[in-house]
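Let me begin by presenting the structure, written as structure tokens, before commenting on it.
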Amino acid sequence: MATFRTVKGFRDFFPEDCALRNYIFDTWRQVARRYGFVEYEAPLVETTDLYRKKSGDEITSQLFCFEDKAGREISLRPEVTPSLARMATTRQRDYKKPMKWFQIGSCFRYEEPQEGRSREFIQFNADILGDASSGTDAELVALAVDVMLAFGIKAEDFVIRLSNRQIWTQYLTEKAVPEEHATTFLSIIDKIERAKPEDTAEKLSNIGLSLEDVRAFMTAADENHPIFATLRADLEARGLWQYVRIDASIVRGLAYYTGTVFEVFDLKHGLRAVAGGGRYDKLCALMSDGSVDMPSAGFAMGDVVLGILLSKTPGAQFGITDYLNSQMGVDAYVVVADEAQRAPALAAVQALRAAGVRVDFAMTAQKVGKQFQAAENVKARFALVFGAEYPQVQMKNLVSREQTMVAAEDLASTVVQAVKQPLVGKLIA
RNA sequence: GUGGUCGUAGCUCAAUGGUAGAGCCCCAGAUUGUGAUUCUGGUUGUUGCGGGUUCGAAUCCCGUCGAUCACCCCA
């Protein structure tokens, strides 16, 4: 039994886990680049005040915080948006608007871990800064949809639940509810599907509202509500409206959202939200004490729930398998059949690697059978046998099992050509 | 932070208060120039940890740590 283990809520990434993680990263990055986003990164730690200033109680109660050796209050980042707002407000004049930025990195929240929830998780963040239009919101929803599709997660597997906080602020204005109750009210709406109706009714009556009236308003706030009109037209034109379901109970816990809000949910497994985000028009102004007013919107997708969803979605397996095959294998395994030929074999290993071929070999003397087994284990496509016949080298296709002799001087160019050929599937006897 | 369930080999699990086991995996050999199968052998445990009850504890009790579920909320 190991004496040491990972700290509660933290994960190891063994090679197979790391390969899956890299597949997720590559897919995120590829789709974001397809949308014209550029990548940035922020520090893993910030002053605790940065999070106190904006996020609201939900997040600050989960901060992974500590004092550094000089007594400064520091927190591991629970999310990246505050750092982004800090960075963007500091140097926004250096960048043309709108700024389409994305980021991939770890975040930390001190909460009770369970399935889909760990204390360190990796987020993909995509944000568009300096554009208040609903076209921006549509671009972000479209990106979220395309990311899901890129993973092989299809329309029957997920949905974007979308709303707009303004329908509720308008509602409160109509009902003459004092503004200081707005946060309380949104918190009630957030829980309305989970809490007991009588509790909800009581909380609403405390701020002068009735559950029946709120319920009726929610039902009426469907996809025909005028507040969604331009966003809907945009997404319909893209053919993506089918992925969106208007749901007025989506308000999101973070304090800074001001307009469109949405979350990505799976439809078949009852998992937690895969992604979430929305419009935060006032955040940059808040973070810069009013000197930079930059309306913005964005969303984040976490690797943990996404990973669970990928493992449970049959259609997502092809992409993973392809990626793992391309990333985990090597092109050629050099077999040293005769130790007298180790020197030229090593020279060939280095020459092949210099030519861009992925090569592995037995670093100590091994029986030929062992070396072929090792070639199989590392998923090599070709075996290159250095033996008594050198300077002829035997080249064996480990899939088709065909063998040919190649002159040592032609080996690099021959292998380079061979690995470009499409894979021939293994025949099933 | 609160409550429920659980914790045995690297993994999946067995062992009714009475000597801690199996399968898989891994390593070596059978097999000295070809991948599979098979066979043989081998490593692996302070039964999460610490106390307690008992002649005797993997088993019962308490605590603690961890996993998981619910609350909370969300990536």
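Placed from the backbone N, Cα and C atoms, the Cβ positions cover glycine too.
The L-histidine binding site feature in TrEMBL is assigned to A:Glu79, A:Val80, A:Thr81, A:Arg109, A:Gln123, A:Asp127, A:Arg252, A:Tyr256, A:Tyr257. For the recorded site, A:Thr81 (L-histidine binding site), the DSSP three-state label reads helix. In the structure as shown, the Cβ atom of A:Thr81 (L-histidine binding site) sits within 10 Å of 27 other Cβ atoms.
Annotated domain 'Aminoacyl-transfer RNA synthetases class-II family profile' per TrEMBL: A:1-373, in sequence order. Mean pLDDT, taken over the domain 'Aminoacyl-transfer RNA synthetases class-II family profile' (A:1-373), works out to 89 on the 0 to 100 scale.
Remark: A:Gln123 (L-histidine binding site) has A:Glu79, A:Val80, A:Gln103, A:Ile104, A:Gly105, A:Ser106, A:Cys107, A:Ala300, A:Met301, A:Gly302, A:Asp303 as non-local neighbours, by Cβ distance under 8 Å and separation of at least 6 in sequence. Under the DSSP three-state reduction, A:Gln123 (L-histidine binding site) is assigned to strand.
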